[in-house]
Amino acid sequence: MTLFEAIVLGIVQGLTEFLPISSTAHLRIIPALAGWEDPGAAFTAIVQIGTLVAVLLYFWKDIFIIVAAVIEGIVQRKPLENSDAKMGWMIVAGTIPIVIFGKLFETQIDTTLRSLYWISGSLIGLAIILFLAEGKIKNRIKKELPLKAMENIGWKEALLIGLAQSIALIPGSSRSGVTITGGLFLNLDRATAARFSFLLSLPAVFAAGLYKLYQTWDIIVASPEHITNILVATLVAGIVGYASIAFLLNYLKKHTTTIFIAYRLVAGTAILYLVATGVLQP
């Protein structure tokens, strides 16, 4: 991997990590179209640490309040008395499914599921599901039924959205895409679904990044070039990711997810066509 490739892939990661269009799919397809080597699942997981930092910086006040409340609750032996502490524990509980499934299917995630057939199928399939979720929300708005804000999220919502997050282990599905979709099905308003999605990502992305960093450490440190490329890609991903968070949260306050649904359908269909015509190898 060249420094130029690292910068491009960092931009791609930052742009697509938080938009419901799948960063993994783009990190797989763009190198294939450009004739570059597949950076691999390990590269993707490590560079996600950059976007993790973007979430930490953007939501630092929320995170500080939640962590402080959790610690206070533990000290006072009343872990769930405070709503902020409860949110912290719900995020932890919502992370458990993806940790379990991620470990169980680690080999398939790193190999078989990176096939362009899987990626295109995930892009199209989740677009259809997001379309159905969007229709459900539009129907509630039309009937003037209430939608849930952050303070209305309970254990049911946290656990079900956490379970939905496990689907993101399939490249092409999009972690933010499946969690936002899950939130919409559970009647969260669009901006709240995105906000909770980003907070829920923290433990999973951090754990996956550290795990892959540990697994590939010897390869990374074997070459100064590898170290430089990883650091640059991670830094760029963080900077671009911060802007992506701000964009999506503001966008979803006034707009639907229709543009992302359309993009996923077009991208998934285009990938299938390119594979079928031999332009890309699956």
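Each Cβ is built from the backbone N, Cα and C atoms, and glycine gets one as well.
If you look up Swiss-Prot, you'll see 51-71 (among others) marked as transmembrane segment.
What Swiss-Prot records for 87-107 (among others) is transmembrane segment, and it gives sequence analysis as the kind of evidence. Within the chain carrying the transmembrane segment (87-107), a Cβ under 8 angstroms from the stretch's Cβ atoms is held by residues 66-67, 69-70, 79-80, 113, 150, 153-155, 158-159, 161-163, 165-166, 168-169, 199-200, 202-204, 207-208, all 6 or more beyond its ends.
Sequence-distant neighbours of the transmembrane segment (115-135) (same chain, 6+ residues past either end, Cβ-Cβ under 8 Å): 20-22, 24-25, 28-29, 32, 167, 170-174, 177-178, 180-182, 184-185, 256-258, 260-262, 264-265, 267-269, 271-272, 275, 280-282. Residues annotated as transmembrane segment in Swiss-Prot, with sequence analysis given as evidence: 115-135 (among others).
For the transmembrane segment (191-211), same-chain residues at least 6 beyond its ends with a Cβ under 8 Å from one of its own Cβ atoms are 18, 45-46, 48-49, 51-52, 55-56, 58-59, 62-63, 66, 87, 91-92, 94-95, 98-99, 102, 147-150, 153, 157-158, 161-162, 165, 175-176, 179-180, 182-184, 245, 248-249, 252-253. Taken from Swiss-Prot, the feature transmembrane segment covers 191-211 (among others).
Residues annotated as transmembrane segment in Swiss-Prot, with sequence analysis given as evidence: 229-249 (among others). Same-chain residues lying 6 or more positions outside the transmembrane segment (229-249) and placing a CB less than 8 Å from one of its CB atoms are 1-3, 5-7, 9-11, 13-19, 43, 46-51, 53-55, 57-58, 176, 191, 194-195, 198, 220.
What Swiss-Prot lists as transmembrane segment is 259-279 (among others).
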